[in-house]
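*Asks:* One structure coming up, written as structure tokens, with questions to follow.
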Amino acid sequence: MSTKDIFFNPIWDVRMTDTSLRDGSHHKRHQFTKDEVGAIVAALDTAGVPVIEVTHGDGLGGSSFNYGFSKTPEQELIKLAAETAKEAKIAFLMLPGVGTKEDIKEAQNNGGSICRIATHCTEADVSIQHFGLARELGLETVGFLMMSHTIPPEKLAQQARIMADAGCQCVYVVDSAGALVLEGVRDRVAALVAELGSDAQVGFHGHENLGLGVANSVEAVRAGAKQIDGSCRRFGAGAGNAPVEALIGVFDKIGVKTGIDFFDIADAAEEVVAPAMPAECLLDRNALIMGYSGVYSSFLKHAIRQSERYGVPAHQLLHRAGQRKLIGGQEDQLIDIALEIKREQDSGATAAH
């Protein structure tokens, strides 16, 4: 697989993707309106953001009882985003088993041009047919190895090779839990760069659950990553993603070219993205527990809901989810954990953590 047909301006050192309208969907409980999406896409496009991701938080087909229903159908939002953007490319996420091949085709028909396919970091093989279809359709392809903190660099590189051989043009180290710390990112990105060579680029997607989203992204770039994700105003799951406006400020200072104007992206974050957020993404106890315990960031809202439903502490739910090594798609097990803690409370046996 060649990287020559990847959308990449030669003046860039890295290509930025803003995922406010996908990862941010978790924080907003998938309640984006067309007006919000149109305004955010226009502001990001004006600032020079080259790629904007738009989908339900859990990807194509994610609007469901298990993950939460979308206020506006995601395909309508993809179409609106593609019609609004003048320069930026519109990306969409899909998880095999949640989205389908038909969803990919519909997203392309609606103007999406970059297909990002996500699997758990040990299950790259389930993405093979989807990458094949995406390349047949002429879509650019990106692979997400989620929860990358859970396996060592050499095993992650083996999974990246599966994606690249299937047609993936850039494989991401995805720190879904915000649990990786500096050298953990560097070692994983370097392992993927060494394995993939010129066959595919390497990317990094970070979360702020330990406050390291920006620093980890810098480590990724220094280790050879060519694509970096972030969200304006940290608009994402958990404590949010690495804030794009901060990333651009830091990259400007260390000489990493992105093509994004710092002042324009700061304006977009403050004046357009922030008003669309239900609240700021906080580095609070719940978020810290997720980073510390290695919990998938989108579990936060689900844990809060079960906490309120069963009268048990959300941070205890999240800590036990980490102990059980739950992954994306197992959100329903938070109910079992809540009932377990409730029984312990009733018997007076609940531990402090």
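Note that Cβ sites are derived from N, Cα and C of the backbone, with glycine treated the same way.
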*Asks:* For the substrate site that Swiss-Prot describes with Arg22, Asp23, His205, Tyr296, which of these is also annotated: Ser63, Ser64, Ser176, Ser217?
*Replies:* Ser176
*Asks:* What number of additional C-beta atoms lies within 10 angstroms of the C-beta atom of Ser176 (substrate binding site)?
*Replies:* 31
*Asks:* Neighbourhood of the substrate site (Arg22, Asp23, Ser176, His205, Tyr296): other residues with Cβ within 8 Å of the Cβ centroid, in order?
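*Replies:* In sequence order, the nearby non-listed residues are Thr19, His26, Gly57, Phe144, Met146, Val174, His207, Gly236, Ala237, Asn241, Ser297, Ser298.
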*Asks:* Taking Arg22, Asp23, Ser176, His205, Tyr296 as the record's substrate-binding set, what's the max Cα pairwise distance in Å, rounded to a whole number?
*Replies:* 15
*Asks:* Show, in sequence order, which residues other than Asp23, His205, His207 on the same chain lie with their Cβ within 8 Å of the centre of the Cβ atoms of the Mn(2+) site.
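*Replies:* Sorted by sequence, the hits are Thr19, Val174, Asp175, Ser176, Gly178, Gly206, Gly213, Asp229, Ser231, Gly236, Ala237, Gly240, Asn241, Ala242, Ser297.
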